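K.L.:
According to Swiss-Prot:
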type     : residues : note
COMPBIAS : 242-253  : compositional bias 'Low complexity'
CROSSLNK : 53       : SUMO2 cross-link
CROSSLNK : 256      : SUMO2 cross-link
CROSSLNK : 264      : SUMO2 cross-link
CROSSLNK : 269      : SUMO2 cross-link
MOD_RES  : 211      : phosphoserine
MOD_RES  : 215      : phosphoserine
MOD_RES  : 220      : phosphoserine
MOD_RES  : 227      : phosphoserine
MOD_RES  : 231      : phosphoserine
MOD_RES  : 232      : 4-hydroxyproline
MOD_RES  : 242      : phosphoserine
MOD_RES  : 245      : phosphoserine
MOD_RES  : 308      : N6-acetyllysine
REGION   : 151-174  : region 'Disordered'
REGION   : 187-265  : region 'Disordered'
REGION   : 277-297  : region 'Basic motif'
MOTIF    : 211-220  : motif 'BetaTrCP degron motif'
């Protein structure tokens, strides 16, 4: 039981400590990159100083805070201003960094090497400040909604190294030259179609990485194709992207065009003819209805006139019938009186 509890405590301790160990290893690796590549420590060592003092001095005046700063959030070029500046070593207080004995023995060659390290990257900055080769952007200005390049991921930290032709020739291969995509506007005749088709997929591929939308910076096709790391990615992405021509992209997004004027005129004429037919039919129906009403009224008036005449005739005939009935009754009475009179005469 004691052994099981001891093993479980070790496992739990390892679980709790492991994430902090990983963070510590990442921090040590990031600091180790700076300390290993700084060649200033070697100059200190040649002139009789210890490695600890050289590292202390280099870490004091080359602090990690101003190398790894938040300039990437503001602008892509704001972090490279320190490469152009010349550092005046008189402003630094070397009494704090080194003892007086060390300062007295410090030769002038050390100061010269420090000045050289400050001016090391000046030719590289001049090359980046030159106008990049102008290439036609086949899709025009990219929309702001698309993500641009992550400013922290593709850049490599410039490290002060001793000026040598080997290092100066090798650094442009690993560093990227930048260009503003929104400012590249030249006529189509000046650029070759091959360069545009191969450069366009790389620009789109680099923009897939999430970053700030304010900078609007994409990688230049010449620099991306020149580096050995990005050449296979461009060769893979170019066939798929080159198939999409600018006309196809614009045609898919645009709505269908309006009908030509000839079809409009024909449609208007057909509609006008239909309306005219309907209006004519309506007028004919109205006239037929009015005529029918007029006929009915005339017929009714005629019938009413005849009815009145017949009623008058009927009344006249009734009067005649009454008069005739009275005459018949009078005649019957007369006949009865005559018959009675004859019977009396016979009796007598």
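Glycine too: its Cβ is placed from the backbone N, Cα and C atoms.
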K.L.:
Can you tell me which parts of the same chain pack against the region 'Basic motif' (277-297), counting only residues 6+ beyond its ends and a CB-CB cutoff under 8 A?
P.N.:
none
K.L.:
Which residue counts does DSSP give the region 'Basic motif' (277-297) for helix, strand and coil?
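P.N.:
Per-class counts: 21 helix, 0 strand, 0 coil.
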K.L.:
Would you mind reading off the Cα separation of residue 269 (SUMO2 cross-link) from the residue listed as 'N6-acetyllysine', to the nearest angstrom?
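P.N.:
If we compare the Cα positions of residue 269 (SUMO2 cross-link) and the residue listed as 'N6-acetyllysine', the gap is 58 Å.
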K.L.:
Looking at Cβ-Cβ distances, which residues of the chain lie under 8 angstroms from the residue listed as 'N6-acetyllysine' while being 6 or more apart from it?
P.N.:
none
K.L.:
Please classify the secondary structure at residue 308 (N6-acetyllysine) using three-state DSSP.
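P.N.:
It is helical.
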K.L.:
Restricting attention to the motif 'BetaTrCP degron motif' (211-220), give the mean pLDDT.
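P.N.:
46, rounded to a whole number.
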K.L.:
Could you tally the C-beta atoms, other than its own, that fall within 10 angstroms of the C-beta of residue 269 (SUMO2 cross-link)?
P.N.:
10
